[in-house]
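> From TrEMBL, for reference:
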{"type": "TRANSMEM", "residues": "6-24", "note": "transmembrane segment"}
{"type": "TRANSMEM", "residues": "33-50", "note": "transmembrane segment"}
{"type": "DOMAIN", "residues": "35-186", "note": "domain 'DUF4131'"}
{"type": "TRANSMEM", "residues": "56-74", "note": "transmembrane segment"}
{"type": "DOMAIN", "residues": "228-512", "note": "domain 'ComEC/Rec2-related protein'"}
{"type": "TRANSMEM", "residues": "244-271", "note": "transmembrane segment"}
{"type": "TRANSMEM", "residues": "283-304", "note": "transmembrane segment"}
{"type": "TRANSMEM", "residues": "324-342", "note": "transmembrane segment"}
{"type": "TRANSMEM", "residues": "354-377", "note": "transmembrane segment"}
{"type": "TRANSMEM", "residues": "389-411", "note": "transmembrane segment"}
{"type": "TRANSMEM", "residues": "417-444", "note": "transmembrane segment"}
{"type": "TRANSMEM", "residues": "456-478", "note": "transmembrane segment"}
{"type": "TRANSMEM", "residues": "493-510", "note": "transmembrane segment"}
{"type": "TRANSMEM", "residues": "517-534", "note": "transmembrane segment"}
Amino acid sequence: MFSFFSPFPFLRLCLWWVLGIIIVPNQTWSKDVLAMYGLFLCILMCLVLWTKNKDIFYSILISFVCLIAAFLRTQEVKNRFQKPPSDVWAIRFQITSTPQIKPKTYAFEGEISAFMDAKGRWKRIRTKSIFYLEKTGAIPQIGDFYLAKTKLQFIRPAAFPYGQDWPKYYAKKGIFSTAYLAASWTKLEKRPELFSFKHYFDRWQHRFLQHLHQVVRGERNKSVAGAMLLGSHEKIDFETKKSYAALGAIHILSVSGMHVGILFLCIQFILKFIPKRKLIAKIGLFILPLILIWFYAGVTGFSAPVLRASWMFSVVLFAQTFRYPMNSINMLSFTAFVILVWDPMQLYDAGFQLSFLAVLGILVYQPILSSIGMPSIKNPMINYILKQVVSLTMVAISAQLLTFPCILYYFHQFPHVGIMLLANPILVLLSSISLVLGMIFLLTASVFSAISLSKWYYFIGTVFDDSLTLLHEIMFWIDTVFQPTIPFLHWDIWMFFPYFLLLMVGKYWWETRNTFLLWGLCVLVIGSVFYFQLEKWKTVHDQKIAYLGQYRGEPVWLEVEGINAKIVGSNSMSHDPAWIQSNISPLLAHNYIQDTVQLNWEDGKNVSWYWKRKSFYLAHQFHVFFPTEIDVLIIDSKSKKQGLDWLRTTRQVDWLWTQSLSAYYLKKVAEMSPLSKQQVALDTISAQVY
């Protein structure tokens, strides 16, 4: 074990740090759990003290210290922000993210430092919220302090089971609520007085975006250019995102390590022409690229892939300048270790996981795939092109080997492997050309604009815009003709263990060609497939279940029978594939659904149906005849304006409101509460199960 970790010291530290993060509980531990962990730590400490070998002693001691430090650091970061109380009437907050321009509001994150309760008392607090400020005046700036009268709404759960646990997801970021800010009740208190790196980088990003918007035509190209080059939060339409994801190229839409890599190669190419004989020249040639790399990381928002690439290239620069030996896995581990020390909650971020797993897959499995053999053709030009295509394909496969289970677990779909492998080299080539052209434009735009070289300014910008158009034309054609996405793919947490074990044993077998390991691989594959099929059969066999949720104040009824599903919702829901994919697809994947039928409610009409001997009634209007037997009454919350007296005519049944009611209507409904078994607003809970 220790001989394996000796070339990778940061890999050992990183693994222990990750373990220290994972063991931090989501809630307060019970005494039994605390006693169990205390016993484990005591045994580990005894092993440290009783070990005679000094190397093993120090190794265990450092690992133990790393585990404890990670635990304490995670606890500190996790407890930094508190969940606000429910009786908030006014708040004081500071904007902490770049405002996004929505159709009617500005959306941004803010840190609340104080709030006023129902009794008019101001109290200090530290919590974060997502705000939607009414769009009336100038765009708010990052760092601004505001006073506002508003009610905080806690983050609501997913509309259907097995979807993203939004309260838990945002809680790890310190965000517990959302709020709408009316312009008339929101006042700018002051601008930040001290220098802020966030504000500084935000201004630079805004300048670069203005240059892009001057030369790039079309909303799609503008939003893709901003996201691709600067990591801006401009809204990209769902169809574009779907096409990128379907072809396994969604990483192009965000600033990633590839961007930093291209910037690093450009810097390295320029620095080749500068002599490095003196030490001061070496230090200068080390600091200059370092500043440029981290400046770009700041402008693009310090996302997980950019941080990973920036740290790795910083280490490469240091090693090249001062002639230190390099190990790629150790560098990757060092980068992960530094990021997790700064923010342990990054471990639970899907972008962080996919970024590091993709690079690790390339480092570990790309050499194995390349050693299988490269094609050889007599024509040198064709041979070169073919080798490059195969090389890119091998890189794509090796990256997908480790990210594949995470993609299924988080997104429940995957590109068709054959189409992805054929299309990926083309998309990588076209996106790389667009990326290089875009970076050249950003580097020269300010200079050309300052010295009035508008001809070159618009020429480079137009070529960049045309490259994006060509990329999108080819991408949409492939997506339309081949429809490469495989939906509703099921992946449970237990599957990670046999899958990664299979990859590890497979790699070890490739290096040793041990027959025993080969048989072990076969048993592992057959056993995993058998267990998966057994679980699938147990789930699908006689499966009959229904869910009642809501979409923007309209009920959504979902029936599951065997491998088939029927979805009934509003007409507006059927035109919102992004919502269906994020809320309903996880449920369909979990239940192994293979075929779906989607229907729409008749607008404004009352509907009744039966399910498992229960009578359901959806009431949009109160002046229509009601059946005598109703078990579940679903009430359109908008019908409250017609009055509530008609509810007195119903028997004692479950009342399900499609949306939460205001305090005024809650008081009126409370007077009739004996008439209902239970009352629930569908937008405050996950879907009801029948």
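Just so it is clear, glycine is given a Cβ too, placed from its N, Cα and C backbone atoms.
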> Which listed stretch (56-74, 354-377, 417-444, 493-510) has the most C-beta pairs under 8 A with the transmembrane segment (324-342)?
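It is 354-377 that shares the most Cβ pairs under 8 Å with the transmembrane segment (324-342).
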> Go through the chain and flag residues at least 6 beyond the ends of the transmembrane segment (283-304) whose CB is under 8 A from any CB in it; none is fine as an answer.
98, 197, 200-201, 204-205, 208, 230-231, 254-255, 259-260, 263-264, 267-268, 271, 274, 276, 310, 313-314, 317-318, 321-322, 339, 346, 349, 351-352, 355
> Could you give the residue numbers and ranges of same-chain residues that sit at least 6 residues beyond the transmembrane segment (417-444) on either side and whose C-beta is under 8 angstroms from one of its C-beta atoms?
208, 211-212, 215, 225, 228-229, 247-249, 252, 258-259, 262-263, 266, 388-389, 392-393, 396-397, 456-457, 460-461, 463-464, 467-468, 470-471, 474-475, 478, 482, 484
> Can you name the far-off residues of the same chain, 6+ from the ends of the transmembrane segment (517-534), with a Cβ under 8 Å from a Cβ of it?
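Answer is 495, 498-499, 501-502, 505-506, 508-509.
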